[in-house]
Amino acid sequence: MNRISALILDWAGTTVDFGSFAPTQIFVEAFRQAFDIEITLEEARVPMGLGKWQHIEALGKLPAVDSRWQAKFGRAMTAADIDAIYAAFMPLQIAKVVDFSAPIAGVVDTIAALRAKGLKIGSCSGYPRPVMEKLVPAAAAQGYAPDHWVATDDLAAGGRPGPWMALQNVITLGIDDVAHCVKVDDAAPGISEGLHAGMWSVGLAVSGNEFGATWEEYQAMSKAEIATRRERAAGKLYAAGAHYVVDTLADLPEVIADINARLAKGERP
């Protein structure tokens, strides 16, 4: 049938952890613990969506972070430095990720409704497997359990922005056409992942990394601030190539209905 048959969902900022705070705070702590270097939450968010080693590498190349690093050590960050920060990051992230495992509002009901229509639920993450092995059961205990998940270090080919994690979901779930899949993510590398895999890519402008607020902060925000942040986040996701941008996963059923109408007319991603 020429319609959407599977979703490939990101984790932090998409299905769990409103605002994607678990990884950002841990990057700040890991830089401080390993080398006594301060980075801001805003800096920590910039490369979000990449595998965590690659994320640390990208942080080291940010001009402001590189400047601080050069001032302290008289040289650029090396692969050995990245390894040391990653070594600090991993136990911190494993210890903390369960605290950020609650499904985002609307996720559990939306997934149930889409499953009732026959859709399969795949997922992938920038988290490495040891972190996912803590996160997945914690989220399941609170009502969110996808049919499959892939960690950023599972595949020899690598992670985002490449297509491999998304395509591994296609293989495992037995989906016969990548154009019948929707990749949903709150960060640019995940949008690129979906495009590279030949899928429809949908960005989430409010629940994730680009909006960058906790649920409580979001609830207390003025309409003007929400609009400003939403516009900024949506702009980044559209610039990455998103076919659609909505606020949260709860808005996805309307998008899927629109994509199904386009597929029926013979359109492809």
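The backbone N, Cα and C atoms fix where each Cβ goes, glycine too.
In the three-state DSSP classification, D10 (active site, nucleophile) falls within coil. Counting every protein chain shown, 30 other Cβ atoms lie within 10 Å of the Cβ of D10 (active site, nucleophile). Sequence annotations record features per position, and here Swiss-Prot assigns active site, nucleophile to D10.
What Swiss-Prot records for K52 is active site, schiff-base intermediate with substrate, and it gives sequence analysis as the kind of evidence. Long-range Cβ contacts of K52 (active site, schiff-base intermediate with substrate) within its own chain (separation 6+, distance under 8 Å): P23, Y86, F89, M90, Q93, G126, Y127, P128, T152. For the recorded site, K52 (active site, schiff-base intermediate with substrate), the DSSP three-state label reads helix.
Per Swiss-Prot, Mg(2+) binding site is recorded for D10, A12, D186. Cβ neighbour count for D186 (Mg(2+) binding site) (all protein chains, 10 Å cutoff from its Cβ): 33.
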Local Cβ density at A12 (Mg(2+) binding site) - other Cβ atoms counted within 10 Å:
30
Using DSSP reduced to three states, classify D186 (Mg(2+) binding site) as helix, strand or coil.
coil
